[in-house]
Amino acid sequence: SPDRMPYHRRYRRDSDAYRFEDRSPSFGEDYYSTRSRNWRRSRGREQHRPKKYPHHYWRRRTRSCSSTSSRSQQSSKRSRSVEDDKEGHLVCRIGDWLQERYEIVGSLGEGTFGKVVECVDHARGKSQVALKIIKNVGKYREAARLEINVLKKIKEKDKENKFLCVLMSDWFNFHGHMCIAFELLGKNTFEFLKENNFQPYPLPQIRHMAYQLCHALRFLHDNQLTHTDLKPENILFVNSDFDTLYNEKK
């Protein structure tokens, strides 16, 4: 009898009949009423049969749940790390990641505009970069966009870095914080003076630094750019591999 036909054959045949036969307006109501009774009878016979699942079914379910739990934990960890303090600074810690690329390994400074952290860039062979993280404040965010446009122009005009201006390697918006990645340089001239009890630089070094500074400023002016914030903190050595005690006897 039809009730004893295999489930997939019985309902596939009925489904095809419903799909292709001519139907009257009352056909749908009669069809589902009849099929509902058949389903209840079939269901009544099968409800006491033990359900058999392949062994691999449970393995897949277990692995899927574990994977989902792991992703959930990672997501919650990322969510906890994205928070600002009352001044708008991004709260970041050693070991935090930004953009799934930059791993924070140290702090380089903090100011009115934001903070600078040392990072490992895992997308570029684990190279070290200085990442400038701007406050999540509208006026600082707009100022950062202007700075990014200027840095783009500098990089375009001086691809080989002949004019000694700091080069931007990347930028992005991280939850309202404009972030700018630079090559990692050494101490600034103010830090160097401070570590030597503010003893003056030797005249030959002053002459050499002044020449490089004028060389960089001329490049900026030739491209209709003005620095507007020249100070010892913004003049950096390429690296810090030098003796800071050269003037200790004066």
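Don't overthink the numbers, they just go from 1 along the chain as shown.
Quick reminder: no glycine exception, Cβ is built from N, Cα and C everywhere.
Unlike curated records, TrEMBL annotations are generated automatically.
Listed in TrEMBL for this protein:
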BINDING   Lys132  ATP binding site
COMPBIAS  37-63  compositional bias 'Basic residues'
COMPBIAS  64-76  compositional bias 'Low complexity'
DOMAIN    102-250  domain 'Protein kinase'
REGION    21-83  region 'Disordered'
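Counting residue by residue with DSSP, the domain 'Protein kinase' (102-250) contains 50 helix, 41 strand, 58 coil. Every protein chain considered, the tally of other Cβ atoms within 10 Å of the Cβ of Lys132 (ATP binding site) stands at 23.
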